[in-house]
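Worksheet for the structure shown next.
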Amino acid sequence: MDVIKIHPRGYCYGVVDAITMAKRVAQDPNIPRPIYVLGQIVHNRHTVLELESFGIRTLDGSSRLELLDQVPEGSTVIFTAHGISPAVKTRAQERHLTFFDATCPDVTKTHTLIEEKIRQGYSIIYIGTKGHPEPEGAMGEAPQGRAFLVTHVQDVGNVPFDTKTPLAIVTQTTLSQWDTQSIIEALLVKYPQAEVHNEICLATQLRQEAAVQTAKDVDMVVVVGDRRSNNSNRLVEVVEQIAHKPSIRVESVDDLRPEWFEGVTTVGVTAGSSTPSRITREVIQRLETLDQRGD
Ligand code: SF4
C-alpha cells in the first residue's frame, strides 16, 4: 500500500498565530493569572491539552458571552481564532478583564465586511455551521433581526427577508466551496438582488482542492482531525462528494483499523487546519507500518 501525503495539510497560519499568542501570554509572568481561553483555541483536543501544560485553562460551551461570565474578575482571557462578537469584547472591557484577541485576520476581514454592509443598510444572510463559534462571532456584528444563518439548502425557504431588502450573502471561512455554491445558487433564485461575498479562506480552499485532486489517484483518503473540526469534516465530504472516493476521519493513530485498508493499494492522507503535525505524522507512520507488515 502506498501512502500519499497530501499538501497542503494541517495547521494554517491563523491557527499557528493563535497558538503562538496563547503560549506567549502564558510565558509572560506580568500577565494576571489564571489564564483562560474562551472556547477551544482550535477544535482539537491535543492542542487544548498542550495549552493546559502551559497552565492555560479552556472554557468550553456554546455561547462565548456565557463562557465569559465564568471568567473570574482580575484574570486573563484569550479569544480564539474563530472570532468573537463585539458584545463579548464590550463585556470583557466592562468586567476589566485582561484580554488578548487571537482572531484570525481572515475572520476579522469577514467581520469588517458585515459591519460595513450593515452600515450601508444591508441585511446579512450568513452561510455557516449552526452552533459553530465563527457564525456566532460574525453575526454578532449585525443588530438583532438583520442577519440570518443558513446551514443547508433546505434553510433557504426559512429566510425571512423580502425581495426588496438589500442583502449581502456572506460565507463562513471553513466551508466546502462546492456545498456553498449550491446554497448560494438557491439563495439567488429567491433573492436575485443579493450581493455574494465568498469568504472561504485560502487555507481551507487549498486543502480541499489538494484533497480532491489527490483523491482521484488513490483508493481512499484518511483525514486526520477532531470530530468538532469543521474544516476536517468538510475535507471528508469533498473527497466523498466531489472526488467520489471513500474517506474516513480519524482523531489519532489509535482510531486506525487495519481492516479498513483491505484491498487498498494507495491511500492519501490529509489533515484539517486545526490538526497538529505530530498527530498526522503518527497516522502516516502507522499506515506505512501496516504496509510493511503486509496487513
Ligand atoms: S481556517 Fe482559515 S480562517 Fe480559520 S484560522 Fe485558518 S486561515 Fe484563519
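Note that Cβ sites are derived from N, Cα and C of the backbone, with glycine treated the same way.
Any TrEMBL annotation is an automated prediction that lacks curation.
Spatially close to Glu134 (active site, proton donor) yet at least six residues away along the chain are His82, Gly83, Val107, Gly128, Gln172, Thr173, Thr174, Asn230, judged by Cβ distances under 8 angstroms. TrEMBL lists Glu134 with the feature active site, proton donor.
Around Cys201 ([4Fe-4S] cluster binding site), a 10 Å sphere centred on its CB holds 24 further CB atoms from the protein chains shown. Annotated [4Fe-4S] cluster binding site per TrEMBL: Cys12, Cys104, Cys201, in sequence order.
Per TrEMBL, the feature isopentenyl diphosphate binding site maps to His43, His82, His132, Ser229, Asn231, Ser274.
Counted within 10 Å of its Cβ, the other Cβ atoms near Thr173 ((2E)-4-hydroxy-3-methylbut-2-enyl diphosphate binding site) come to 27, all protein chains included. If you look up TrEMBL, you'll see His43, His82, His132, Thr173, Ser229, Asn231, Ser274 marked as (2E)-4-hydroxy-3-methylbut-2-enyl diphosphate binding site.
Annotation source TrEMBL lists dimethylallyl diphosphate binding site at His43, His82, His132, Ser229, Asn231, Ser274. The Cβ of Ser229 (isopentenyl diphosphate binding site) lies under 8 Å from the Cβ of Val42, His43, Asn44, Gly272, Ser274, Thr275, each on the same chain and at least six residues away in sequence.
Within the same chain, residues at least six positions away from Cys104 ([4Fe-4S] cluster binding site) with a Cβ under 8 Å of its Cβ are Tyr13, Gly14, Val15, Asp17, Ala18, Ala81, His82, Gly83, Thr173, Cys201. Taking the centroid of the Cβ atoms of His43, His82, His132, Thr173, Ser229, Asn231, Ser274 as the (2E)-4-hydroxy-3-methylbut-2-enyl diphosphate site, the other same-chain residues with Cβ within 8 Å of it are Val42, Ala81, Glu134, Thr174, Arg228, Asn230, Gly272, Ser273. The [4Fe-4S] cluster site is set by Cys12, Cys104, Cys201; from the centre of their CB atoms, other residues of the chain with a CB within 8 Å are Tyr13, Gly14, Val15, Ala81, Pro105, Asp106, Val107, Thr173, Thr174, Leu202, Ala203, Thr204, Ser273. The separation of Cys12 ([4Fe-4S] cluster binding site) from His132 (isopentenyl diphosphate binding site), Cα to Cα, is 18 Å. According to DSSP, Glu134 (active site, proton donor) sits within a helical segment. With a cut-off of 6 Å between Cβ and the nearest atom of ligand 1, the binding-site residues His82, His132, Thr173 reduce to Thr173.
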